[in-house]
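Features of the protein shown, as given by TrEMBL:
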- 39-62: transmembrane segment (TRANSMEM)
- 87-99: compositional bias 'Basic and acidic residues' (COMPBIAS)
- 338-561: domain 'Peptidase M1 membrane alanine aminopeptidase' (DOMAIN)
- His410, His414, Glu433: Zn(2+) binding site (BINDING)
- Glu411: active site, proton acceptor (ACT_SITE)
- Tyr497: site 'Transition state stabilizer' (SITE)
- 648-971: domain 'ERAP1-like C-terminal' (DOMAIN)
Amino acid sequence: MGIEDASMRNGRALSDQWADSVVVRPRTTEQHITVHKRLVLGFAISILTLIIVTAIAITLSVSFERCAAESSGALAANSSSNSKWKQSRDGNISHRDSEDGQQPWRHLRLPATLRPRHYDLRLSVYMENFTFSGEVNIEFECVHSTKLIVLHTDRLEVEKVLVYSDSKKAGAMRIQRRFHYQPKQVYVIALHREMKPLRTYKINITFHAHIEHELLGFFRSSYVLNGERRFLAVTQFSPTHARKAFPCFDEPIYKATFRVSLKHESSYQSLSNMPVEASTSDEDGWVTNHFSRTPRMSTYYLAWAVCNFTYREAVTDNGVVIRLYARPDAIQSGSGDYALHITKRLLQFYQDYFKVKYSLPKLDLLAVPKHPYAAMENWGLSVFVEQKILLDPEVSSFSYQMELTMVVVHEICHQWFGDLVTPVWWEDVWLKEGFAHYFEYIGADFLFPKWNMEKQRFLTDVLHEVMLLDGLASSHPISQEVFEATDIDRVFDWIAYKKGAALIRMLANVMGQPLFQRGLNDYLMTHMYGNAARDDLWNKFSEAMQREGKDINITQVMDRWTLQMGYPVVTISKNDSLDNSVTISQEHFVYDTDAKIQNPELFNKSFQWQIPLTLAVGNSSHISTESIIWVSNKTETHRVGHMDGETWLLGNINQTGYFRVNYDLHNWRLLIQQLMTNPMIISVGNRAGLIDDVFNLARAGYLPQNVPLQMISYLSQETEFLPWHAASRALYQLDKLLDRTEDHSLFSDYVLRHVEPKYHKLGWPASSPDGSFMQAAYQTEELQREVMMLACSFGNKHCHRQAVSLISDWISSNKNRIPPNVRDIVYCTGVSLMDEDVWEFIWMKFHSSTAISEKKVLLEALTCSDNIFLLNRLLNLSLTSDLVPDQDVIDVIIHVGRNPLGRHLAWRYFREKWDILNNRYGEALFMNSKLISGVTEFLNTEAELNELKEFILTSGGESAPAFTRAVEIVQANVKWHILFQEQFYRWLRKAPDG
C-alpha cells in the first residue's frame, strides 16, 4: 500500500525498533567519596557488582555477535514479520514492542531513526589491478534516540569507522562494537551513548573493494581499439547496488546531496552526475577530479565512470551542455550524433510538456560495451549499452532506429519521473517506469509525427504485448508489496513498464490532455527533489478534475486497476427487446480458465473494475460518435443508439482502455463482414484491436477457433501497417504452436493465401538507376516489410528466390546492396535455405563488421539455420566468445528456440548451461526472466512440460516467478493442443479458397 503521510515519506513516522538492552553498559556517576570504613565497604561491594555486571555484559556481547553473524533465521516467521514490517511503516509499533525490534539489522528496511543529509565521497581508482579505495563522510540527522547506526554495505572491506557529534565536545564518539550482517547487506555500528533527536552527526568510513567483472555496483568492461584492449569502469546502482561501491543508506526515501571526488591515472578521464568543479594533478601522473554538489537525490541515481572515451557536444537554448561519450572510433564515425541530436530536442520538449525545467547544468550520455540493461537514467549521467544508442545510418534499419529512439526518449523522461521525483519504495516502481514507457510514444511522436506512435504502435508493442502476460493466472498487481530484498528486482518487469504505461494512457484519455498535463505539473512541482507514492499522483489528478467541475475520484477508480492483478474482458450483447438496450458484463480474463477452479481463493468475486467503456454503433456505411459508459458492476444494462439486425456494436474505441472486448457471435459475424466489404469505416486502431482480441479470446476458449481465421481473410484489402502488424504477431504465436504438427502446412498455406495478394501488389523496395534502393514513406515501408516477412516466413517461393538472389549477389560482388530495412528478413531466409558456406560467410561478416546494428542483425540471422550442428556451434560460441555482448547471448538462445529445428536444442542447452547462465545474469533478474520465458514459451508437448517441471525442481527454481509463468504457459500450450488442435485443423480442411 502507498504511504500517504508526508512525514512518513521523510522518514519521520517510522518507529525505533530495538531495545536498549542490545548495548547495555553500566553508567557511572562521579561521586565525592569520603574515606570512611562503611563507605569503603560500600565501594568494595560496588566494585564487585561492577565486575559481575561487566562479566554478564561480555557474555551477552559474545552471544550478540554470534547471533549477528548467523545467516539463518533472519525472520522468525514469515507472516509475523510481514505484519510487523507493515506496522512499522505505519508507525504503529513501539521500538520496545517485540524482541525482533532489538535487532533492526535483520529487517528488510533500515530503521527510521537516522536520516542522511549529505555525503562527501572520495575514491581512488586503480585500473591496473581493478581495485578501488574510498573514504565517505556522511552527515545525518537523528530522528529518534538510538545508539545504533545501521547502513548498507556489500562486498566492501571496511577499514576504519569514526562517528562525530555536532556538539562542541571534541573528539569522536566511543564505538562499542561494529560488524557486517551479510544476509541483509548492512553494517552496524553500536555506540556507547545515545544519539539525540534533532541533532546532526557525522560518520567517517574508509574502505576498499574490487572493481567487479559482474555488471552491478562499480564494474569494469573493455573494448578493442586498433588491436589494443582498453578498459573502463562504470557504475550501475539501481536498484540496490550503491552499497557495493560505498557505505550508504541505500533506500530510495533516503535522499541526500553528494560531493564526489575521483582520483585515477591521468591517462583516464572521469565523469559523474555533476560537472567537474576543480581538478588537481599529482607529480606521479595521477589526477583528482572534484565534482560539484548534487541536488537531493536517491543513492541509486548516483553514478561515475573512469574511461578514456571521447565525446561530441551540443548545448540547449537554456545552456544545458549535452555530451555523448563513446569509444573514440564510434565518436569519429558519427555513430553518436543521432542520439545527441534527439536528446537536445527532447530536453526542451519535456520542459515544455511538464512545465518544469531540467534541474542540472549538464547531461552526459555514456555508451558502454556491456551493461545489464538497455540503459540507466542516472541523473546527469545516463548510461547506455552501445546497441541502444550508437546508430550508423548507412546500415541501420528503420526498426533499429525506432528502438534506439524509444530507449533515449525513455531515459530522458526519467530525468523528471524518477530522478526529480522518486517513488517512496519499490512497490510503486511503475510510477517512474510506467510514465517513462508511456512517454516513449509521446516523445517519439514529438520527434517524428508521421510515425504516429501513441495511437498506433503503442497498441501492438505495449498494450497487446502486456495483456498476454497479464492474462496469466500467475500475474500480479502492478503495485507489489516487497517483503524480501529478492523481491525488489522482480518488480522491474513488463507489468511495471507496459501495464503501467497502458493504465496511464487510459487515464490520460479519460481526463483529456489539458487536465492530464495540469495534474502532472502539480505532482512534479509538489514533490520535486523528494519522494511520492501513487496516492500522491491520484490526488493531484483528482484536484485537476475537480477544478474543472468533474467529480471523479481517481484514487477509487485506479486502485482497482493497480491493486488487482490482471484485467477484465467486457462482453457486450444486444438484447432481444425493442428498447435498443445492450447487456454489458465484466469478468477477469485468464487464458487458463481452469485456474479459477483450481484456485478459488484467488479468483473470487472481488475481481471487479471501474471500466471507462467507450462504445459506438455502426453499419455498412456509418459509425456513430462514441459514448462513454462507466461499468462498475458484474452485469449492467444500458441503452444505446438505434439498432437493427444489421447494426453492429464496437467497444473500446481506439483501444484506449486496458481490457478486452467480446461480443455475441452474431455481432462478430457483422464485424467480420464489415471488414470484408469496407474496413475503413472502423478506425485503424480498432481494426488492430479486433484482430488481437479475437485471436486471444479464441486461444482462451471464449470463442470458436474458426472466428480469428475468418477475420484475417480480409487482410488482402488492408492498406495500413498496424492491423497487419497485429495479425502477424498473432499468426507467429499460432505458428510456433503448430510448426511441429503433421498438418502444419494446412495452416501455412491458409495464411499465404491471404498474404500473397498484398505481397505481390507491394513487391520489394524499389531500386534507383544506380542500383541503390529508394526509401519510401514510413507507413508504406513498414507495411511492405511486414508483408514481406510474413511471405518469407510462411514459405512464399518468390520471396525465397529474391532473398537467395540478394545474398548470392552480396557474396559474389562483396558489395551489400540489400536495403537496411529488410536485411534481417533476407539474411535469415538466405541462411535457412542456403548451404553451410553462407552461414560461414555471415559469421565472417559478423566478426568484421564495426556497425553495432549490423552485428546484431547478422548474429540473429545465424540462428535461422536448419543445420543442428551449426546451431549448436553458435550457442557455444555465443557463450564463450567475447565478441558476443551479454544481452545478445540471451537473444541467440531465444532465437534458436524459435527455430522449429532448434527449439529442443535451445531448451536442452539452457538446462545444461543453467548454472553458468544463472551466475552471469542471476542478479539482473530482468534479463534472467527474459531468458527463461524466451526459451520455454514455445514448448508445447507433454514431455517438454514434464522436463520443465523436473528441471525447476532440480535447479531450485520453484520460487522464481519466471519459472511459475513458464509452467503455466507450457501447460496452456499443451492444453490447447488437446482441446482445440483438431477443431482448428478440421475447419482449415473445409475453409474456402478465397
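Note: Cβ is positioned from N, Cα and C throughout, glycine not excepted.
Listed in sequence order, Glu377, Ser382, Lys432, Ala436 are the same-chain residues six or more apart from His414 (Zn(2+) binding site) with CB atoms under 8 A from its CB.
Closest to Tyr497 (site 'Transition state stabilizer') in space, going by CA atoms and restricting to the recorded positions His410, Glu411, Glu433, is Glu433.
The two recorded residues, the residue listed as 'active site, proton acceptor' and Glu433 (Zn(2+) binding site), have Cα atoms 10 Å apart. The Zn(2+) site is set by His410, His414, Glu433; from the centre of their CB atoms, other residues of the chain with a CB within 8 Å are Glu377, Glu411, Cys413, Phe417, Gly418, Lys432, Phe435, Ala436, His437, Tyr497.
The Cβ neighbour count for Glu433 (Zn(2+) binding site), using a 10 Å radius over every protein chain in view, is 25. Cβ contacts within 10 Å of His410 (Zn(2+) binding site), excluding its own Cβ and spanning all protein chains shown: 24. Among the listed recorded positions, namely Glu411, Tyr497, the Cβ with the most fellow Cβ atoms inside 10 Å is that of Glu411. If you take every residue in the domain 'ERAP1-like C-terminal' (648-971) and average the pLDDT, you get 92.
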